[in-house]
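Report on one structure; see the data block that follows.
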């Protein structure tokens, strides 16, 4: 979104003009019988030359030279995207919540002082809920729409929050070494319901952002989407810190109640500020409504913006029509072509990158990591957690708006994974030396803490928001909902590993467990470097050309449609077939 909008005028064809010897201008006059043929040939050649290589940036008006934040319709679109991004705040709040609560004695006592795999099931309750939604979410997204699916997810999460708030409501006092699982069971059930709501919403939100964003801002805003994870985490961390001295179990119950804030806020704002996806509307034969949305949020009533809307509508219509003709849109489509198999390979590995790069250790078990380097008090651990979340959010916002959108996708991933590998290696070496010195050298502990912050700089650089941009780009419309569902499913499957294995391994072998993640990161770097494709500089519809199954020269076809007086009529399959 930084800088001015770019515009390149599209010149329509003009008659060929010559100048006579006396200086007067006149039209060239070949023989009468050839004039029409020559005119058609000349116009065809000029049109092909002008349209060849036409991109979406060529049809963006200059908006009177204003920057994006000076345009009311773009500011409105940004707020719309922020409202959708509250979905990620929900997930961030939950991720940071348990990190904080695990440091509090009253909470650990209320859940029965569990450890190991039992403790892992509490962390994984959220992931269990998300996995339950695997089969139903694509149907909701593709049948009822992205926005309607957000409504459903928010309502389910609010129900889960109510159940969580009521967990252990009968408690008036517990012995210091409580072993029963009554509170634990109710909290686990509430977390499963919260996960169901989050799983539904987390598939719809990034797809909606990608499909409604301004064409040259899509990478920035889709990358920003998951930055909101840390916004939710900040609220959770500091609410937990502020409530740590409350009595009668309110120290953990109040943060649990406030978890309902983000889904409730989004539920209230959705009807007023969030439209449906234009691509979904075109797929449902509501092209006029889709055009109205694009006019409102992309054109803003500015002169010359019709060409931009014509270009976008043409690409959307052509791409969806081709996909409808070629695919029945089932999961089996991922195995029918080499292009879709490659898409599947990339989205599965990218989901693994996001959750199995060492971040699972810090996301849910920061307390154990800090204890291993000598930071043991609840107060210190909560402050580190809160500070880390603020740092992460700030880094994500800066990277999203000022850095990542200027780099190629593959380069961004390579820098991210390579940087994490370097930081984790240093982290492991410092931990090994610290153990030999019986954890008495505080400077080594501080070095590990510094590596955690550096590690998250690189994690956020490529694996916080960029995957959502990349996955929505490489998937065609009819597979986007299902592909996002697979992407989410793999993530939560890996989270189950993190939830069950990480606490057991940390208790058993402590810092030596970091060596496992060093090896995993090395494999991830190799996969990323050798198999990922570059998608920068293309619209959602044009990315398919990279995989060899898109409409060839789609940007040229869209450019021709912009220059034609008779635009493609909505939902006219005959005209679609002629263009294809």
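In case you wondered, yes, glycine gets a Cβ from its N, Cα and C as well.
On a predicted model such as this, the values are computed, not experimentally measured, just so you know.
Looking at 321-343, 344-366, the range annotated in TrEMBL as transmembrane segment turns out to be 344-366. Ranges compared are 21-47, 48-74, 75-101, 183-209, and TrEMBL records transmembrane segment for 183-209. Listed as Cβ neighbours of the transmembrane segment (453-471) (distance under 8 Å, sequence separation of 6 or more from its ends, same chain) are residues 206, 209-210, 218-219, 222-227, 229-230, 346-347, 350-351, 353-354, 357-359, 362, 388, 391-392, 395-396, 399-400, 403-404, 409, 412-420, 422-424, 427, 483-484, 487, 535. Residues 95, 98-99, 102, 123, 334-335, 381, 384-385, 388, 413, 417, 420, 424, 452, 455-456, 459, 463, 467, 470-471, 474-475, 483, 486-491, 494-495, 497-499, 502-503, 506, 514, 517, 520-521, 524, 527-528, 531-533 of the same chain sit 6 or more residues outside the transmembrane segment (344-366) yet have a Cβ under 8 Å from a Cβ within it. Confidence across the domain 'Major facilitator superfamily (MFS) profile' (80-536), taken as the mean pLDDT and rounded to a whole number, stands at 86. Contact between the transmembrane segment (113-136) and the transmembrane segment (183-209) is supported by 3 or more Cβ pairs under 8 Å, counting only residues 6 or more apart in sequence. Listed as Cβ neighbours of the transmembrane segment (411-433) (distance under 8 Å, sequence separation of 6 or more from its ends, same chain) are residues 353, 357-358, 372-373, 404, 441, 444, 447-448, 451-452, 454-455, 457-459, 461-463, 466, 470, 510-511, 514-515, 517-518, 521-522, 524-525, 528-529, 532.
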